[in-house]
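K.L.:
Right, I'll just put the structure down here and ask away after.
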Amino acid sequence: MAAVKRIYSFGGGKAEGNRDMKDLLGGKGAGVAEMSNIGLLVPPGFTITTDVCVAFYKGGKKLPKDVLPGVEAALRKVEALTGKGFGSADDPLLVSVRSGARVSMPGMMDTVLNLGLNDRTVVGLAKRSQNERFAWDSYRRFCAMFGDVVLGMKPERKEDRDPFEVILERKKRAHGAKLDAELPVSALKELVVEFKAEVKRRKGIDFPDDPMQQLVAGIEAVFRSWDNERAIAYRRLNAIPAEWGTAVTVQAMVFGNMGEDSGTGVAFTRNPADGRNEFYGEFLVNAQGEDVVAGIRTPQKISELAARFPEIARQLEDARAKLERHYRDMQDIEFTIERGRLYLLQTRSGKRTGLAAVRIAVEMADARLISREEAVLRVDPAALNHLLRPIFDDAARLRAVDEGRLLARGLPAGPGAAAGRVVFFAEDAEAWKARGEQVVLARHETSPEDIRGMNAAQGFLTAFGGMTSHAALVARQMGKVAIVGCEALSFDYHARTMTVATARGPKVLREGDWISIDGTAGEVIEGSLATTPSEVMQVLIEKTREPSSAPVYQQFAKLLGWADRARRLKVRANADQPDQATVSVAFGAQGIGLCRTEHMFFGEGKIGPMREMIVAETLAERRAALAKLLPLQREDFAGIFRAMGGRPVTIRTIDPPLHEFLPQDPDGITELARATGKSEVHVRARIDELHEANPMLGHRGCRLGISYPEITEMQARAIFEAACEVAAEGLEVQPEVMIPLVGAKKELEHQAARVRAVAEAVFAERGARVRYTVGTMIEVPRGAVCAGPIAEVADFFSFGTNDLTQTTFGISRDDVGTVLQSYLENGIYEVDPFVTIDREGVGELMRLAVERGRRTKPNLKIGICGEHGGDPSSVEFCHQLGLDYVSCSPYRLPIARLAAAQAALREQAAAHPVKPARPAKANGRGGEKARATNRALAVPGVKPAKEPRKKRTRARPQARA
Ligand code: ADP
Ligand code: MG
Ligand code: MG
């Protein structure tokens, strides 16, 4: 068998590994190798590959025998480079044994420092460094760390303290020392003896003195730490496969604890919170390794380094520039200063907020460090939310938590911050808002009839429902702050109170009490915290700020401009009011993909005639009621057409079952009877008749339009009259009438014929025509399977993936709280299929529909208007299917634009792989060719769905708090 390379050395300005070998060397190993290669000062060492870790687990958690000679040989190289000897009593080489997986798992696995010390080598270390204190300080640190990590000296019970910590504390007390550094050398020597005795007492073993034995045990312990509880939990949370294993890097120690000219630190090459191009980090003088993170002493800011150590500050600044130039991304680094010399110990791409991600990507592209395409690929689309949301003041939140005002947690359905007086009824929300109050609507759940109250509220809060519940959906569409599924809440609607079950017992809130909700964190806080709208919103929507004075907005706009150039998919909005249409256009909508007419029926003055229509006993009565609705709908449509300025508008005919429009409470029924001149008995009978055993599968969608063609006809008339009216004003209009829930060609034929007849009639009356189309939603499996014949009648398809997911899985969206949650917890579903399209099932039906539909009509326009249209992984899938557009909530448009661009760029990169050695030119061009390639690849149905690389991590469901 050919020998497989298992150990990669680095140091002395070169390395056997490099940055592209993360799979084998782990992120840390690849990072130190690369830094050696580019001439940064890195202590020499070697990395044992992840393959060895895999073999370690296969072989009963023992280091494979044949690895040892390689370790010894690699160690000899380190000795040669440092001029020190491992185990030498004269000038000992000490090493660290470090863990490092393919992807960083910060703090999850173990590391041992100062390995190679024993009673003989410590003397050599003291003599060579001429610093006895430093030598013994290192020794006692080593005993504690090795005891903990390798020998398993853990506290006996969870509530106990670390056994070495207890001994150290006792020693400090005996010497009247506050800090470790105040202990005399004699005490450090005693600590070593006492630590070893404690090991003997607890474990019955002698502390190993032989450095080679220490090293093997250290390597094995780091491999074992891949399987500790913390690491397993982290892997599960981040969908990291257990098979990967960790690499082990053995590296010569450098010492930040050698005195006042030494130190250690961590830093980001740019500010990770806001992205500012400034060196951001902390350091400690005379300290080692974990001290900075452990918070034993308060570290100093990097910016203070220059005052104290100008030469080191300059070296560090050089390293920062070099690393950024080389990695072309913001780096998170660890460094140690040993007697005035700077050593780098780690580099990786740094985690950042959405705000920082955008700023860094844009500024790096502007500086030609990366191309514009790369900038577009750098930002996680979901992170853009961060730039849109109003925010709570951090300090105010902390104060509230300190004061015990954090009441409960729920699912963060609508990110952002909102404060207001709590009300429990939608009407109240409207009425209070009208008199100038700021309100938060809290309810057990919400329904379409609450829509106006929801709009009036700053945000809403429900006890019931999941991330795709009505409240959550409306929150995204309206850009409202919302928390749903907050199970600690219970309501007494009569008493107008809400009770929150808190850790300290029940807390009762009355109507009008102030609450604050953080829809990003899912926190419900008592009282009012101050908020401000984000800069982007101030410019785009509120128009209270000039773009020129809004740098965050400018970066946002720039990045999205680049994204727009790269994408092939168009983006549209789901919007059903003129003001939502205006917001959509501001966020870049190229049309409306779904205008839900039922929301309009709840608008001012419309619910009355709607109900009249429903309780009507004869066709004539029904027509009379519809005649009242006609002008109201017409006005809504005209408003939307105007707001959309010639962009296409897809209007869906009535969809929900009629019972949703009727009152359920006795007062409402009496009132309805009075208003319509019907008997209460009749109204009640009608309500009973309309009761749906299963509203999801009931009398709804095109079924309603087939039972009551006059409703479809009234809606069609309103649409075409509005279109003609707006066209007469000289504006362009593009109505697209969409029939919901079609499963058979004849259903669509029936409805399309009515719509077309009305269109012709209106055009004849007005003596003018407008261009229009009639299409269908594909949202039941039969519709997808029969897409071929349906396309003979349809001008376009739009996937209603909410219903298509419900009907394909046979699971109701309202069951998310129970079934779905347990399925996700048990790993039966990897992701919530209502959030991210299930490519294997629902996705296959979509592919079938695209294929069959376009076989009938090659130019069939196809889009998606389910909630998935704003989910990055689903957008990518739509790109791969060759859809024409995705439609999503207005506030998700930026996400969809960016996700669509990334899908196109990734596809292009897969088709034309760039040689890894040569970074892409930073000129931001290549768009034309890219677009051509995309078009060529966009043949529907031929490309198999590729799993997105990070699908599982990105689409993790939000855990219930
Ligand atoms: P983690 O992955 O938890 O950050 P590391 O392997 O990076 O673990 O090590 C923890 C700390 O020890 C880091 O702060 C690092 O700077 C320090 N350290 C690791 N190896 C050495 C070394 N050879 N010399 C000096 N300090 C080291
Ligand atoms: Mg580290
Ligand atoms: Mg539907």
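Each Cβ is built from the backbone N, Cα and C atoms, and glycine gets one as well.
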K.L.:
Out of Arg596, Arg703, Arg854, Arg855, which is the one TrEMBL records at the substrate site of Arg652, Glu779, Gly800, Thr801, Asn802, Asp803?
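P.N.:
Matched candidate out of Arg596, Arg703, Arg854, Arg855, per TrEMBL for substrate with Arg652, Glu779, Gly800, Thr801, Asn802, Asp803: Arg596.
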K.L.:
How far apart, in angstrom, are the most distant Cα atoms among the substrate-binding residues Arg596, Arg652, Glu779, Gly800, Thr801, Asn802, Asp803?
P.N.:
15
K.L.:
Give the one range among 23-59, 313-365, 437-522, 555-903 whose Cβ atoms make the most pairs under 8 Å with those of the domain 'Pyruvate phosphate dikinase AMP/ATP-binding' (70-302).
P.N.:
313-365
K.L.:
Considering only the binding-site residues Arg596, Arg652, Gly800, Thr801, Asn802, Asp803, which possess a Cβ situated under 6 angstroms from at least one atom of ligand 2?
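P.N.:
None, by Cβ distance under 6 Å.
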K.L.:
In the same chain, which residues outside the set Arg596, Arg652, Glu779, Gly800, Thr801, Asn802, Asp803 have their CB within 8 A of the centroid of the CB atoms that define the substrate site?
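P.N.:
Checked against the 8 Å cutoff, the neighbours are Leu594, Asp655, Pro740, Met777, Ser798, Phe799, Leu804, Cys865, Gly866.
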K.L.:
Among all the protein chains here, how many other CB atoms are within 10 A of the CB of Cys865 (active site, proton donor)?
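P.N.:
Its Cβ has 28 other Cβ atoms within 10 Å.
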K.L.:
According to DSSP, which kind of secondary structure is Arg652 (substrate binding site) found in, if we only use helix, strand and coil?
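P.N.:
The three-state answer is strand.
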K.L.:
According to DSSP, folded down to helix, strand and coil, what is Arg596 (substrate binding site)?
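P.N.:
Arg596 (substrate binding site) sits in a strand per DSSP.
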K.L.:
Give the nonlocal contacts of the domain 'Pyruvate phosphate dikinase AMP/ATP-binding' (23-59) in its own chain as ranges (CB under 8 Å, at least six residues past its ends).
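P.N.:
Contacts with the domain 'Pyruvate phosphate dikinase AMP/ATP-binding' (23-59): 4-17, 67, 71, 74-75, 77-78, 81-82, 95, 98-104, 219-220, 223, 226-227, 243-254, 319, 322-323, 326, 341-348.
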